[in-house]
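Colleague: Please read through the structure below; I'll follow up with questions.
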Amino acid sequence: MKFSGVLGFCEICRVCILQKKSYLLPSLRESVRKFCAEQLAPHADEIDKKNEFPEMRDFWKAMGEMGLLGITAPVEFGGTGMGYLEHVIVMEEISRVSAAIALSYGAHSNLCVNQMVRHGNEEQKEKYLPKLMTGEHVGALAMSEPNAGSDVVSMKLKAVKEGNYYVLNGNKFWITNGPDADVLIVYAKTDPDAHQRGITAFIIEKGMPGFSTAQKLDKLGMRGSNTCELIFEDCKVPAKNILGPLNKGVYVMMSGLDLERLVLASGPIGIMQAVLDFAIPYLHVREAFGQKIGHFQLMQGKMADMYTRLSSCRQYLYNVARACDKGHFSAKDCAGVILYCAENATQVALDGIQCLGGNGYINDYPMGRFLRDAKLYEIGAGTSEVRRLIIGRAFNSILILK
Amino acid sequence: MSGRVLVGVKRVIDYAVKIRVKPDNSGVVTDGVKHSMNPFCEIAVEEAVKLKEKKLIKEVVAVSCGPQQAQETIRTALAMGADRGIHVQVTGKDYETLGPLQVSKILAALAKKEDAQLIILGKQAIDDDCNQTGQMTAALLDWPQGTFASEVSMEGDKLKVVREIDGGLEMIKINTPAVVSADLRLNTPRYATLPNIMKAKKKKIANVNPADLGVDLTSRVEILRVDEPPQRQAGVKVETVDDLVGKLKDTGRI
C-alpha cells in the first residue's frame with residue numbers, strides 16, 4: 001500500500017511558522033520532502049530489513065549537494081548559514097521517510113558538525129568542515145561507554161599527554177555512524193582525578209593508528225543507522241586536535257547536549273507525521289461492519305489523539321527552536337522538548353499499529369518500524385529519566401537562589 | 001537578440017492529492033488542499049535554466065497568473081535558477097474562469113513587453129489537461145512553435161526541436177523567436193537546493209495587472225457542471241467467444 005505525504009500537516013503550524021521568513025520555511029520543507037520522497041523513500045523498508053544502507057555514501061553526497069549537511073555551519077566553509085528551526089524542519093522531513101537515516105543525519109549534521117562550528121578553531125574548521133559539508137566525509141560523536149551511559153561523566157577513556165600527542169586508551173559504545181565515520185568528536189579523560197573537570201574533546205580521524213571499530217550492533221530499531229563500539233589502543237592523536245579548551249570538555253559536551261536534544265526532537269515529530277500519513281488513509285479504506293472503520297467513534301478518537309499529540313509537540317519544538325535562534329538557550333526546555341516528543345511518539349506509534357489492527361502487526365506494513373524507531377528517542381541523547389532530572393534540578397536551583 | 005526566455009509556471013493541485021468534487025458540482029475542492037508547480041512547468045523551468053547554463057540565453061523570467069499564492073510557484077522557479085519573476089494578478093471570479101485563451105493573451109503581451117526571444121511552457125497542466133496555451137500563444141504572436149518537445153537545441157538563431165508524436169519522433173527546425181512546450185522526457189528537473197532557496201529570496205518578483213497589458217479576461221467558456229467519474233461497474237465473465245460476440249451485439253457495441 002502506498003500513501004502520499006499530503007495529509008495531516010497541521011494548518012496551524014503552517015500559519016505559526018509563517019512570520020518574516022514567510023516563504024522560506026514552506027519552500028525548504030517542500031524541497032526536502034520531495035528530495036527524500038524520491039531519493040530515500042524507495043529504500044526505507046529495505047534499509048530496516050537488512051540493517052544496512054549500501055547507498056549511504058551516494059546519499060550523503062546528494063544531501064551535500066542539497067545543502068543539508070551544514071545547516072548551522074557558516075557559508076564560508078560550505079554550510080548554509082541557517083538556524084535551528086530550519087535544521088529541525090529538515091530533519092523532521094528526513095525522519096518522516098526513514099527515522100534511521102534521519103538519526104545518522106542528525107549525528108552528522110548536529111552532533112559532529114555543529115560542535116565543530118561552535119568550538120573548533122579556524123584551522124580545525126578549515127581542515128574538517130568542507131568535506132563534512134559536501135558529504136564526502138561522514139561525521140560522528142562519541143561520549144558514551146560500555147559502562148558509562150547516563151553517568152557519562154564517569155567515562156574511563158584515558159588521554160595521556162606524550163610530547164605533541166595524546167595517547168588514547170579505552171572504548172566508546174552505542175556510537176551512531178561509528179562504522180562509517182571519517183571524522184569523530186571523542187570525549188576522553190585527560191585528568192581522571194578531576195572527574196568532570198578532567199574531560200577534553202578530541203577530533204579523531206578514521207585511520208589514525210590505534211583507532212578501530214568493532215562489529216555493527218544489531219538493534220531493535222533505527223536499523224540501517226549503523227552503530228558500533230569504538231576501540232582505542234594506544235591511539236596517537238596530535239595535541240592540535242583538541243576541540244575547545246583542555247579539561248573544559250564537559251562544558252563543550254553539556255551545552256552540545258542541549259542543542260542535540262533540540263534538533264533530535266524533530267526525529268520523533270517526523271515519525272509521528274509518518275504514522276498519521278499512513279494510518280489515516282488506511283482508516284478510510286479498510287471496511288468493517290459495512291463501513292469505513294475511520295467513521296467509527298473509537299477510531300475517530302484515535303485520530304484525534306494522534307493528531308493533537310503531534311500538533312502540540314510540534315508547536316513546543318518549533319518555539320524552542322525559534323527561541324534558540326534568537327539566542328535564548330534553556331537546558332530545561334531543550335530537555336523538555338525531547339522528553340515530551342519522544343514519549344508521545346512511542347504512544348502515537350502504538351496507536352498507529354492499533355489502527356491497522358492485524359495488519360499493523362505484519363512487517364509488510366511500516367507501522368512496526370515506526371514503533372521500533374520511536375522508542376530509541378526515549379533513550380538516546382539522555383534517557384527520559386535524565387531529562388526529568390535536568391528539569392527537576394533546574395527548578396531546585398532556581399528556588400535555592402531565591 | 002535579447003537572450004531572454006519567458007517560462008510560464010502554473011500553480012495546480014498536487015498530483016498526489018485525491019481530488020474531491022464540490023458538493024454543488026461547480027468545481028473541485030481547492031481550499032486547504034496541497035498545491036504545487038505543474039510537473040510539466042518544472043520541466044520547462046529546468047530547460048530554460050539549462051540553456052542559460054550553456055550560455056545560449058542570458059535571462060530566465062518566470063511568469064505565473066493567479067492570486068497571491070501564485071508567488072510561491074514563482075519562488076520555486078527562482079530557487080531552480082530563474083533570474084526574476086512576474087506575477088500577473090488574477091483573483092476571484094476571473095481566476096475561476098481563467099483558461100488558456102486568457103493566459104496566452106497575457107503571455108503574448110508580456111513577450112512583446114519583455115522582448116522575449118523564446119517562450120517555454122509545459123505541454124499541459126495536470127488540472128485541466130487543455131494542452132492549448134503553447135499553441136495559442138504562438139498563434140497570437142505569429143511565432144513558430146515546437147510542441148511536445150523531448151529535445152531542444154539552439155543553432156544560431158534557429159531552434160532544433162525533437163517532438164514526441166503519435167508515430168514516433170519528429171525533428172523540426174524553427175526560427176526564433178518561438179514557443180516551445182515541454183513534454184515529459186525533455187529533462188529531469190533539478191531539486192531546489194537550500195542555498196538556492198536562500199538566494200531566491202533576494203530575486204525580484206514584479207506585480208502586473210492584466211488590464212495594464214490590455215488583456216480582456218472574459219471567458220468564452222461556461223462550466224455547467226463538474227461530476228466525479230462514474231463508479232466502475234463489475235465486469236461479466238463469458239464462457240466462449242460466441243457468448244462474447246453475442247453480448248457485444250446485445251449491448252449495441254457491434
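For all residues, glycine too, the Cβ spot is worked out from N, Cα and C.
What TrEMBL records for this protein is below:
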- A:Glu260: active site, proton acceptor (ACT_SITE)
- A:141-150, A:174-176, A:Arg286, A:Gln297, A:354-358, A:383-385: FAD binding site (BINDING)
- A:Ser150, A:Tyr251, A:Asp258, A:Leu259, A:Glu260, A:Arg261, A:Ala381, A:Gly382: substrate binding site (BINDING)
- A:28-136: domain 'Acyl-CoA dehydrogenase/oxidase N-terminal' (DOMAIN)
- A:140-235: domain 'Acyl-CoA oxidase/dehydrogenase middle' (DOMAIN)
- A:247-394: domain 'Acyl-CoA dehydrogenase/oxidase C-terminal' (DOMAIN)
Colleague: Tell me, if you would, which residue among A:Leu141, A:Leu259, A:Ala381 (binding-site residues) has the fewest other CB atoms within 10 Å in the structure shown?
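Modeller: With the binding-site residues A:Leu141, A:Leu259, A:Ala381, fewest surrounding Cβ atoms within 10 Å: A:Leu259.
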Colleague: Distance check, please: Cα of A:Asp258 (substrate binding site) against Cα of A:Ser384 (FAD binding site), rounded to an integer number of angstrom.
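Modeller: Distance between the two Cα atoms comes out at 14 Å.
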Colleague: Helix, strand or coil at A:Gly357 (FAD binding site), per DSSP?
Modeller: helix
Colleague: Check the DSSP secondary structure of A:Thr176 (FAD binding site), expressed as helix, strand or coil.
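Modeller: Going by the DSSP assignment, A:Thr176 (FAD binding site) falls within a strand, counted as strand.
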Colleague: Pop the Cα-Cα gap between A:Gly382 (substrate binding site) and A:Gly357 (FAD binding site) into the table, whole Å please.
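Modeller: So the Cα of A:Gly382 (substrate binding site) lies 33 Å away from that of A:Gly357 (FAD binding site).
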Colleague: Pick out which of the binding-site residues A:Asn147, A:Ser150, A:Thr176, A:Gln354, A:Ser384 has the most other Cβ atoms within 10 Å of its own Cβ.
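Modeller: Ranked by Cβ atoms within 10 Å, first place goes to A:Thr176.
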Colleague: Could you round the CA separation between A:Arg261 (substrate binding site) and A:Leu141 (FAD binding site) to a whole angstrom and send it over?
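Modeller: Per the Cα atoms, A:Arg261 (substrate binding site) and A:Leu141 (FAD binding site) stand 14 Å apart.
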Colleague: Take the Cβ of A:Tyr251 (substrate binding site) and count every other Cβ within 10 Å, whichever protein chain it belongs to.
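Modeller: Cβ-Cβ neighbours of A:Tyr251 (substrate binding site) within 10 Å number 16.
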Colleague: Restricting the comparison to the recorded positions A:Tyr251, A:Leu259, A:Glu260, A:Ala381, A:Gly382, which residue's C-alpha is spatially nearest the C-alpha of A:Ser150 (FAD binding site)?
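Modeller: Checking each of A:Tyr251, A:Leu259, A:Glu260, A:Ala381, A:Gly382 against A:Ser150 (FAD binding site), the shortest Cα distance is to A:Gly382.
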Colleague: For A:Gly382 (substrate binding site), what is the secondary structure state per DSSP, taken as helix, strand or coil?
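Modeller: It is coil.
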Colleague: How far apart, in angstrom, are the most distant Cα atoms among the substrate-binding residues A:Ser150, A:Tyr251, A:Asp258, A:Leu259, A:Glu260, A:Arg261, A:Ala381, A:Gly382?
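Modeller: Per the listed residues, the maximum Cα distance equals 17 Å.
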